[in-house]
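Annotation source TrEMBL lists domain 'ABC transmembrane type-1' at B:90-326. Residues or ranges marked as transmembrane segment in TrEMBL: B:42-64, B:84-115, B:127-150, B:187-208, B:305-331.
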Amino acid sequence: MTAVDIRPADVGADDPSTGGTTLPPPVPPGSPEEPRRSLVLLRTSDIFALVGAFAASVSITFVLFTQLLPFEGAIGFVVLAYVLFLIVYALLVSLDDDGPAVRDKVAAVAVHGLALLLGVGLVFVVLYTLGRGAEALPNLNFYTEDMRVTGPLDPLTSGGILHGIVGTLIMITMALAITIPLGIVCAVFLNEIPGRLSRLVRTIAEAMTALPSIVAGLFIYATWITAFGLGQSGSAAALAITVMMLPIVIRASDVVLRLVPGTLKEAAYAVGAGQWRTVWHVTLPTARSGLMTSIILGTARGIGETSPVLLTAGFTAAVNTNPLEGPMVSLPLLTFELVKNPQPEMIARGFGTAATLMVLVLLLFAVGRAVGGRGPGQLTRRQQHRRVLASRRDAERFRRTDAARPRFTTQEEGQRR
Amino acid sequence: MSTTTTRRVEPTGEVTEDAPRALKAAIGPSDRIFRGVSRSGGLAVLAIMSLIGIFLGYRAIQALREAGISFLTTEAWEPNGGDFGIAAVLTGTVLIALVAIGVAVPLAVGTALYISEYAPARIKQTLISMVDLMAAVPSVVYGLWGAFFLQWNILGLSRWISTWLGWIPFLSVDGADPRDPLATETVYTASTLIAGIVVAMMVTPIACSVMREVFAQAPAGEREGAYALGATKWGMIRSVVLPYGKGGMIGGTMLGLGRALGETIGVYMVISPVFEIQPRILESGSNSVSALIALRYGEASDFELSALMAAGLALFLMTLVVNFAASSIIARSRSGAVSDA
């Protein structure tokens, strides 16, 4: 509805007793034009307040730290400066704004500060690890040798983490070989056969995400190693990692499968497909990218788990490619064991291992984001383009088969040719 | 459906009751196999989970029968001498988790608010994936950072707090003398505080992503309503977004708490283990159930292993309760947000 005023003419516009709309008085002719209001949200005084508060808080903190108070340490400096900054900023803003505006601005600054703190903290953790690992990473032997013949005092040009890389790859492959089919079958079960059983399974899977990693390791240690007497091995560690990864994959896949549009499935049923065919040809392909993401999320989690591997795989300095027998080591466990040594070379190797592991996880994550991250049916521009081309090809094919088919022509068509 | 029958008159003139037809779907063999396979997949997951509980319980019985109720109250860990209990490690676990949550919640709320309310639209997606990515960084990396960097850079703050706020019981430090310039600083390392901060780094991204999701779902109509009534941005957040997201905030916090309780390797790398209740969070020495298991499983005798299983069972039950509470709070909040952790 548009705001067209269709009041009867006899209702007084300025008479509140009749309940009409109060109109502003007409502008007398010749009066000066009202100045246009500025809609810009950021004013110069805001910037001055920010800069001023920053300068004041840093200077006051500096004086407090060096002259007046028994403070020390960079963290203390930043904390105190931040608190002072908030106070000074509130004071400065309150000079030319009212209460709600002051609260709004202080809250905005505080929220920005918290987010910045977390961002800086997390980025710093990553950069710190990469930085301390930079000493070990450029040596090529770091990736091609194991630690069999390398003593604790040997320089970084000897020994490497090949056994950790091999172990991680073997373990994660075995874990994925169990997790992918089982996790996706379970997620399909949760979505396709709803009922009391699937509700129970969903609750249990949710509870399993809460499983502390050490308990998963302890479980495999108690069953596989002490009860069955199979000894510490790569396969035991793979099982422990599976227990950790399974609930993550199930939950993420469950969410993705739930997003598949019901109309698609109904269309499949309507043309006579059974449940199995619908799942295989419609539901799973539609959710493919999301399922891929869930698997990669699970992998990124499983690859970084230390404590289950610590309990189940043992520790070795040599490459072991047999997952069924003998201790095997993964990258996080290797990091953990290396930095326990007091020698700086070993600690540098530990940081290098951690950096390698982190790069691996980041790569996996990037692949996951590139592959998935979109809802079912949402295509990238390139995929859309490909769809259009395929559709055109189909149209062309239909036209050709149509043309090749012998057909009865009507009178008019024959004449037109 | 069964009661809605209509009378109708057949052409022959007799009146019949129109009963609903029985619907019978013929399930083909392939569908029957499919149903069987997917059902067994679900049952397998069920079996794994119950096996964990059953096996931990079964192996723990031996130790629990030996220790009885004193398992919860004893402060020592000498299973071979018959003197063991989880009072000390459980207290340590809870203290570390509380410190972690105390650090993580303000950061998570602030970051979630920033991403959902303040961040420019074009960097929003990047920030979201960055937070998700941080949740995927292996815990050993955070542990390294805590053990090699934070440990030595937080000493000043620890000393300052213990010197000036030491009269608060939790913040005092035994054996520290602020007037002695040559005093060793190792009384401040490997403390509950440092372990708590390391764990906080791990749980903040998880808590943050749950909260952000709930904040983002706050209804646009109510936001606009608040603005229309003249609210500032913060006024709108306080009166619309925060009340709406309360369930998500509590749920996200508890989800983080569940993670913090179970965290092993980051804690193990930072703390120096003690086996008594040590409530002074700035002082060196702390412990957690998971660190205890990681420390002692190696040379454990059969009985000691049983005791460790009992400790693991206690931890398992505790995290289970916390996480169930978290998920039910998230599900029952007004948003009923689906969270994927």
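Using the three backbone atoms N, Cα and C, a Cβ is placed for every residue, glycine included.
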So, taking each listed stretch (B:42-64, B:127-150, B:187-208, B:305-331) in turn and counting its Cβ pairs to the transmembrane segment (B:84-115) that are under 8 angstroms, which one gives the highest count?
B:187-208
Of the listed stretches B:42-64, B:127-150, B:187-208, which one has the most C-beta pairs under 8 A with the transmembrane segment (B:305-331)?
B:42-64
So which residues does the transmembrane segment (B:127-150) touch in its own chain, when a touch means Cβ under 8 Å and the partner is 6 or more beyond its ends?
111, 114-115, 119, 194-195, 197-198, 201-202, 204-206, 208-209, 212, 263-270
